[in-house]
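In Swiss-Prot this protein carries:
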TOPO_DOM  1-4  topological domain 'Nuclear'
TOPO_DOM  29-58  topological domain 'Perinuclear space'
TOPO_DOM  81-97  topological domain 'Nuclear'
TOPO_DOM  115-133  topological domain 'Perinuclear space'
TOPO_DOM  165-191  topological domain 'Nuclear'
TOPO_DOM  211-216  topological domain 'Perinuclear space'
TOPO_DOM  235-262  topological domain 'Nuclear'
TRANSMEM  5-28  transmembrane segment
TRANSMEM  59-80  transmembrane segment
TRANSMEM  98-114  transmembrane segment
TRANSMEM  134-164  transmembrane segment
TRANSMEM  192-210  transmembrane segment
TRANSMEM  217-234  transmembrane segment
Amino acid sequence: MAPALLLIPAALASFILAFGTGVEFVRFTSLRPLLGGIPESGGPDARQGWLAALQDRSILAPLAWDLGLLLLFVGQHSLMAAERVKAWTSRYFGVLQRSLYVACTALALQLVMRYWEPIPKGPVLWEARAEPWATWVPLLCFVLHVISWLLIFSILLVFDYAELMGLKQVYYHVLGLGEPLALKSPRALRLFSHLRHPVCVELLTVLWVVPTLGTDRLLLAFLLTLYLGLAHGLDQQDLRYLRAQLQRKLHLLSRPQDGEAE
């Protein structure tokens, strides 16, 4: 096991990489489609229909490239989450296992964003061009994206963000407190095993609610939606636990403070 002084910088480096990747992901999924990062070539008349696009190599080639990037990300994200791989990385990296997973996920996502191929001449599922839709639809999408990202950041902070990023494991190890998940209740551990992506609805809003849903954006939204759907396995027991925790937190928030009590 590496000395504690080496564990802390490694965990912090992984967190900084993940944070920077998250900022870049906001730009990739929200700012670029909403604020017009990629100029279109020739307008809607230059776009092809869906049947013609399936026979055009200039569209199929970048589409296949983008598909490969997404499969690379999904494969890394799923493979490193497998129990055997987690056991192997825990054996050789110890408390840095989660930090390693986060860093590799951030690097895979960086590859997707950096080498993504837009398809400006491909067919679109919908496009807001005529007034008043050309003004109000982008504005509505922008508002929904802002709300979704605020909810995502809020949920991550509440959902033990330090443990998800691997910081808490190193912190507890340095202080000799053991594994942070070992201190959680069995019901909480069961929930975490079923729901390691606690921002599904908000992320789906970001992926699908855009003024123009082109070919490459449709591929991105569809595959990530499919992956998020398959990654969740909530049942009635999990929902009852979530409901009980929400009621407990609301009860604590509704209790008067000591200074306000009569």
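Using the three backbone atoms N, Cα and C, a Cβ is placed for every residue, glycine included.
DSSP states for the topological domain 'Nuclear' (81-97), grouped as helix (H, G, I), strand (E, B) and coil, give 15 helix, 0 strand, 2 coil.
Listed as Cβ neighbours of the transmembrane segment (5-28) (distance under 8 Å, sequence separation of 6 or more from its ends, same chain) are residues 95-96, 99-100, 102-103, 105-107, 109-110, 113, 116, 149, 165-167, 169-170, 173-174. Across the topological domain 'Perinuclear space' (115-133), DSSP assigns 1 helix, 4 strand, 14 coil. Here the topological domain 'Perinuclear space' (211-216) has, by DSSP, the following mix of helix, strand and coil residues: 2 helix, 3 strand, 1 coil. On the 0 to 100 pLDDT scale, the topological domain 'Nuclear' (165-191) averages 67 in this prediction.
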